[in-house]
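Heads up: the structure comes next, in structure tokens.
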Amino acid sequence: MMGSKNDVKLLSFLLSPVGHRVEWALKLKGVEFEYVEEDIFNKSNLLLELNPVHKKVPVLVHHQKPIAESLIIVEYIDQTWKQHPLLPQHPYQRALARFWGTVADKLVKTSYVAMCSSGDEQEKSVKEAKEVMDKIEEEIIKGKKFFGGDNIGYLDLAFGWIPYWLPIWEEVGSMQIVDPLKHCAISAWNTNFLSHPIIKDCLPPRDKMLVYSHRRKNEFSSTLRR
Ligand SMILES: N[C@@H](CCC(=O)N[C@@H](CS)C(=O)NCC(=O)O)C(=O)O
Ligand SMILES: *[C@@H]1O[C@H](CO)[C@@H](O)[C@H](O)[C@H]1NC(C)=O
């Protein structure tokens, strides 16, 4: 047995919103793990070996076997450690949660592109992201404390970048995607999510996120100018 008692290792990046999905899941379950910080600008051979297809974090290694893609990892964690269930039990509810999980993954990309871009491209991404936010507000969070109901679940982790990362992206991109007046249920959930004891103790420092987001935006616009 190497590392922690459960032989669980997580390769991630401090500022990654999708990496945090996995960290939150492990912490909610109370699973001990070894955390390995990856330099995404100078990837380790270990990462390239463990995730040769995408070469991205997060990667979970359980008993020497790697798993990539944050939401797939969260699902694996949920099936491996039964305490604090994250996905619903009923097949239809599970399918719905997975469906909205794919929406969360698409929306995180659209919002990130909106921060990085400007002009027409930014306008298009902001519009697209807002429309999806309207659907989330109306269809899945209204009247609930968490996406999972009374307890934090899979979709709370999937959308977990909205309360903390998105406001920074909105600031750096000088744009607005969540409108507190229109997206009341999402805004209330933002507060519920960030007040949860496990979540609030597992967030990256805001100052580092600001610096990093500005850097990504600058790199993005210089790529476009080339
Ligand atoms: N869909 C993937 C996204 C993973 C991802 O984009 N990871 C970023 C960090 S936030 C990364 O490793 N970037 C390095 C790169 O793109 O080269 C997941 O949910 O795990
Ligand atoms: C990249 O990482 C390797 C080790 O994985 C290290 O030896 C090297 O100095 C790093 N390069 C930079 C530019 O940080």
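Along the chain as shown, the residues are counted starting at 1.
Here the Cβ of each residue, glycine as well, is placed from N, Cα and C on the backbone.
Here the domain 'GST N-terminal' (6-85) is broken down by DSSP into helix, strand and coil counts: 30 helix, 17 strand, 33 coil. For 6-85, the entry in TrEMBL reads domain 'GST N-terminal'.
Residues or ranges marked as domain 'GST C-terminal' in TrEMBL: 90-220.
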The domain 'GST C-terminal' (90-220): DSSP-derived helix, strand, coil residue counts: 98 helix, 2 strand, 31 coil
